[in-house]
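I have placed the structure first, in the form of structure tokens, so that the comments after it can refer back to it.
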Amino acid sequence: MAAVAAVAARRRRSWTGLVLACLGVCLGLTLAVDRSNFKTCEESSFCKRQRSIRPGQSPYRALLDSLQLGPDTLTIHLINEVTKVLLVLELQGLQKNMTRIRIDELEPRRPRYRVPDVLVAEPPTARLSVSGQDDNSVEVTVAEGPYKIILTARPFRLDLLEDRSLLLSVNARGLLNFEHQRAPRVSQGSKDPAEGDGAQPEEAPGDGDKPEEIQGKAEKDEPGAWEETFKTHSDSKPYGPTSVGLDFSLPGMEHVYGIPEHADSLRLKVTEGGDPYRLYNLDVFQYELYNPMALYGSVPVLLAHSPHRDLGIFWLNAAETWVDISSNTAGKTLFGKMLDYLQGSGETPQTDVRWMSESGIIDVFLLLGPSVFDVFRQYASLTGTQALPPLFSLGYHQSRWNYRDEADVLEVNQGFDDHNLPCDFIWLDIEHADGKRYFTWDPSRFPQPRTMLEHLASKRRKLVAIVDPHIKVDSSYRVHEELQNLGLYVKTRDGSDYEGWCWPGAASYPDFTNPKMRAWWADMFRFENYEGSSSNLYVWNDMNEPSVFNGPEVTMLKDAQHYGGWEHRDLHNIYGFYVHMATADGLVLRSGGVERPFVLSRAFFAGSQRFGAVWTGDNTAEWDHLKISIPMCLSLGLVGVSFCGADVGGFFKNPEPELLVRWYQMGAYQPFFRAHAHLDTGRREPWLLPTQYQDMIRDALGQRYSLLPFWYTLFYQAHREGVPVMRALWVHYPQDVTTFSIDDEFLLGDALLVHPVTDSEAHGVQVYLPGQGEVWYDVHSYQKYHGPQTLYLPVTLSSIPVFQRGGTIVPRWMRVRRSSDCMKDDPITLFVALSPQGTAQGELFLDDGHTFNYQTGHEFLLRRFSFSGNTLVSSSADSKGHFETPVWIERVVIIGAGKPATVVLQTKGSPESRLSFQHDPETSVLILRKPGVNVASDWSIHLR
């Protein structure tokens with residue numbers, strides 16, 4: 001039997017090697033991305049066409065006699081005065097200081113794709129009224145906000161004004177370009193490019209009535225309009241060119257952020273002279289840094305910031321999208337004279353943003369702030385907030401491709417206990433499944449998965465197994481057979497099941513845009529369907545861009561067919577969103593709607609925050625990749641996706657011990673904390689390093705677990721309000737220009753400032769501490785620093801600079817145990833960092849840590865702690881919540897305090913009691929021992 005197992009193992013290794021070899025052929029298995037596998041704008045025909053239109057007089061005119069005004073919607077026709085094609089514009093005022101603009105063809109040959117399921121609901125509207133009109137413009141007032149919209153007819157333009165201040169302008173540069181659908185012109189003797197592909201455009205009513213000179217005028221078929229080839233792949237484009245583009249001008253704005261995912265700086269760069277930023281979910285092998293290439297996820301949201309204003313643009317389109325950014329001055333634009341009139345003469349700095357998408361309609365939300373926190377809440381009201389993760393998912397995750405078998409998993413599990421290291425999860429990659437057949441277990445390596453899971457559960461730990469959305473084509477594989485029989489796969493343009501190449505070899509791809517497919521997928525996670533699973537098994541969705549090794553740009557053909565007759569080109573960027581959604585729904589379903597899910601996804605879109613965590617993909621064990629994870633996660637946080645992390649240690653290559661230690665130190669302060677590694681890397685569990693490095697990693701893990709109450713509270717705030725967990729400095733210091741470009745340090749909430757060490761052999765770092773009149777305390781030494789200032793701080797390998805802002809209160813657990821589940825009832829220590837005014841405040845959220853009872857039964861606590869006038873008060877911050885807990889306050893550490901004569905505790909219904917304390921005059925730290933009060937109770941502590 002042992003010999004048979006050995007032969008089987010060799011075969012599996014050979015198969016994996018074959019797939020890796022194929023992947024190398026497809027992707028260019030080198031030390032960096034093979035750029036030739038991915039399009040530039042010049043190679044993307046619609047981007048090239050859109051970008052060829054230069055700023056100038058727009059050919060579009062609004063037909064004022066077509067204007068119709070409803071209670072909350074203005075509709076008006078736009079005519080392209082060259083082609084005579086009519087569009088229809090819908091303008092809606094929305095509550096919470098937002099505006100929605102939609103532009104579509106008035107009479108399309110076939111309906112255009114409108115992105116479903118991303119918005120949590122149709123947003124509440126605000127009443128519109130016409131407050132002025134002349135022969136070339138209409139002034140519209142929005143009842144819910146202090147702003148007006150001026151619609152100019154010729155050339156078409158929209159200007160949004162607040163009082164006499166111009167906030168932004170739409171089509172000021174004349175770059176609106178809407179490629180209307182048209183009948184393919186077939187030259188004599190040639191074949192219709194759509195002929196015979198099963199997806200011919202239907203005849204549109206009235207086409208025969210259009211004069212030939214109008215139909216053909218200025219509509220030359222440029223290369224790539226009706227068929228496009230990239231490398232060996234052909235895109236049939238049966239409906240012809242359908243791209244859309246529109247420009248937005250932002251006077252007074254020089255700093256823009258967002259539109260992740262890119263391995264680039266936090267502040268977006270001007271793209272003139274290079275490629276635009278690309279949004280097209282792709283499996284990019286060993287991605288390069290500091291360029292605008294597309295990566296695994298796309299969130300089409302851009303934030304603009306100035307010391308006086310914040311705005312957001314949400315471009316709701318799931319097709320391939322490019323975003324051009326240029327710097328300008330308002331005096332050089334078409335609305336410069338208006339700006340002079342409104343704001344006075346003189347040049348105003350300005351950023352221009354141009355969006356270009358391959359298909360769909362123009363559907364854009366303008367988020368008008370005025371503060372960045374207003375923009376966060378506005379966007380969250382549209383797409384939802386970050387899902388509240390289970391507490392245990394905020395702990396440490398140990399992963400690699402791959403843990404060999406059950407014995408290996410249990411040995412790793414024991415290793416954490418033997419070396420006194422906390423851990424919540426162990427992960428299994430693709431080798432755990434039987435021949436890469438997801439929802440199965442390799443019978444020779446994992447013959448008793450439930451027993452293995454039970455052993456992990458006895459240590460209060462969990463397991464994650466990968467479930468990818470490519471299904472092995474195998475008639476004996478139940479998942480494939482059912483999906484094939486039910487007709488739930490993505491189809492080719494001739495109606496057969498689409499088949500590509502991925503980890504299992506030949507694979508088909510479930511059509512997750514179909515609600516029936518998502519329901520089927522969710523049902524697969526029931527314990528009776530996912531054999532060997534249990535309640536402590538959670539899920540990882542990888543390769544869900546989708547990744548197709550032999551497809552164009554390592555993804556699906558754009559003319560593949562989805563539910564409803566839509567092409568893949570229309571919805572590509574939302575495919576991974578649906579995979580994530582269906583998987584999260586499945587984990588909720590298996591518990592009868594009781595348990596919160598944990599699902600990690602590589603691909604994402606606007607709204608993905610509702611379903612779980614994401615990570616920055618297949619990074620490399622290099623210092624620059626350590627660095628780039630900061631702006632990558634900060635960018636995601638700005639657009640609502642807070643649960644972000646990077647593979648600790650780097651996925652590719654082997655990190656030297658110094659780099660691995662520095663990565664653990666940073667990962668401990670990023671929202672999602674997972675170590676992961678490639679199949680060909682050496683094992684790197686912490687105890688395999690020399691003792692001195694083990695100790696440093698143990699300390700980093702200890703910092704993470706100590707702060708879990710703080711992390712959990714931050715995630716509840718993100719869930720409740722839509723604010724990011726990990727924040728760029730400028731978010732809290734919007735008028736401090738120094739912070740606008742900082743992306744090597746960050747804030748956690750408003751309380752902690754973290755400056756990771758991201759250079760080899762560093763002996764010190766430059767740290768910027770913001771805030772006029774604010775103080776910052778080193779969390780290790782309690783040394784006080786005043787802001788704003790830049791400090792050079794010496795560092796050793798054993799620590800990174802972390803500061804607590806004066807004026808905040810941070811809850812901690814001080815006993816680090818095997819896992820977070822072992823700590824959840826431990827007592828709390830409050831770290832009270834006093835402001836120069838002697839004040840501080842903070843919150844603590846507690847519930848059972850894993851169910852929806854906080855929602856369905858209001859079983860939670862949200863406590864507010866405030867310090868003022870030498871008194872610390874605990875009170876309820878949400879009276880709706882009620883939760884019984886044994887958690888009590890064990891200690892209060894007040895930083896920046898003088899020595900009192902006495903310290904008195906007051907609780908309702910009890911006499912005053914004195915507390916013992918200790919004061920260190922050198923650090924001004926006062927420690928109050930064992931107040932002993934339950935965290936759910938109201939109490940106060942007085943320093944006298």
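The backbone N, Cα and C atoms fix where each Cβ goes, and this holds for glycine too.
The substrate site in Swiss-Prot is built from Asp429, Arg602, His676 plus one of Asp283, Asp310, Asp821, Asp825, namely Asp283. The disulfide partner of Cys41, as annotated in Swiss-Prot and taken from the candidates Cys26, Cys47, is Cys47. In the disulfide annotation of Swiss-Prot, Cys633 is paired with Cys644 out of the candidates Cys502, Cys644. Comparing local CB density within 10 A for the binding-site residues Asp283, Asp429, the maximum falls on Asp283. Fewest Cβ neighbours within 10 Å among the disulfide-bonded residues Cys41, Cys47, Cys633, Cys644: that distinction goes to Cys41. If you draw a 10 Å sphere around the CB of Asp542 (active site, nucleophile), it holds 26 other CB atoms from the protein chains shown. Counting other Cβ atoms within 10 Å of each Cβ, the lowest count among the recorded positions Ser52, Asn97 belongs to Ser52.
Cα-Cα distance from Cys47 (disulfide bond) to Asp542 (active site, nucleophile): 28 Å (rounded to the nearest whole number). Classification of Cys41 (disulfide bond) by DSSP places it within a helix.
Nearest in space to Cys644 (disulfide bond), taking C-alpha to C-alpha distance over the recorded positions Asp283, Asp542, Arg602, His676, is Arg602. Distance from the CA of Ser52 (phosphoserine) to the CA of Cys41 (disulfide bond) is 11 Å.
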